[in-house]
Amino acid sequence: FVVSCIPSWFWGPIVTLEDCLAAFFAADELKGDNMYSCERCKKLRNGVKYCKVLKLPEILCIHLKRFRHEVMYSFKISNHVSFPLEGLDMRPFLAKESPSQVTTYDLLSVICHHGTAGSGHYIAYCQNVINGQWYEFDDQYVTEVHETVVQNAEAYVLFYRKSSEESVRERQKVVALASMKEPSLLQFYISREWLNKFNTFAEPGPISNHAFLCQHGGIPPNKYLYIDDLVVIVPQNVWEYLYNSFGGGPAVNHLYMCAICQVEIEALAKRRKTEIDTFIKLNKEFQAEEAPSVILCISMQWFREWESFVKGKDNEPPGPIDNSKIGVMKGGHIQLKQGADYGQISEETWQYLLGIYGGGPEIAVRQTVVPADPDSLHGERKIEAETRAL
């Protein structure tokens, strides 16, 4: 009893990671100056605020607040927080509608901070998942350590990984099925990305072969040349076991390049070339005009999106032309806003882009030239002549 109480006498009560989580997820009463403003009755009401986890991640990152910043100073909170190496259970903090089935976690890594709030040094403890051994990473030095060293560390950030004995048994089952020598009439292709999740995640989710398939069920032309890097061939019995266990899909036992996607790619390339060539041609004609009577304005924000599309930097075409940010309404007419980010194009170029994308509004800068009065010119010449005579 005396031995167990000595740590509490020196360092205060032991704080566990579960205590920290319980405090974080604890409900807050909203009353007094902190009452809740009801959206229905539009009045201040007493209430309770709380948060729950909707879906647990495969890797859980827990950041302990080690630093407190006040108005005039900052300081570090060095209290030791005990944390489990295995079996951290997050079920008490789950929402009722959460789909997560696996709720236990094993420690994977710990980041520690040594020093004060003003300066310090970071080290990390990480576990090798192959042999289960822990290692300390301190700049260029890597040292093997016992797990008790990790448990006594002043944790700053903790990384936990979902643990499930069921997932281990499923992997062993798949390995056993794959090693069976019975011939398979069909071979199936499965996403390498999903298979990596199956080998490492406790809850990999449904099979998703859309990482290498297009919406038409074939291989997109831009992925066909390196398709071997995206898929793994599995025998029929392995596919059926995985499909029955996780669902998803679709089933793929034949790889082919999608002809529909190929036609769409060629049509898109032709469209881009037509639009950029037409713009260059019309813009050259516009630059050759010495005194254009009408100059149209176009938002440079929209123009840059269009330029990225026609140059192949962006796969999606821009939406309708949006000149609303460069125009302002004055006297019932839209005029160019002072300091607006805009470009000048010809009326022909405007009509061309407008015909493809639509939008607006049209903002024109017109040069109005007032014709000279012949009588006034004659009078000026007469006055000039009389002046010379004098």
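A Cβ is built for glycine as well, from the same backbone N, Cα and C atoms used for every other residue.
Taken from TrEMBL, the feature domain 'USP' applies to 1-163.
Marked as domain 'DUSP' by TrEMBL: 165-258 (among others). Under DSSP, the residues of the domain 'DUSP' (165-258) split into helix, strand and coil as follows: 44 helix, 16 strand, 34 coil.
Sequence annotations record features per position, and here TrEMBL assigns domain 'DUSP' to 267-369 (among others).
For the domain 'DUSP' (267-369), the DSSP-based tally of helix, strand and coil residues reads 44 helix, 26 strand, 33 coil.
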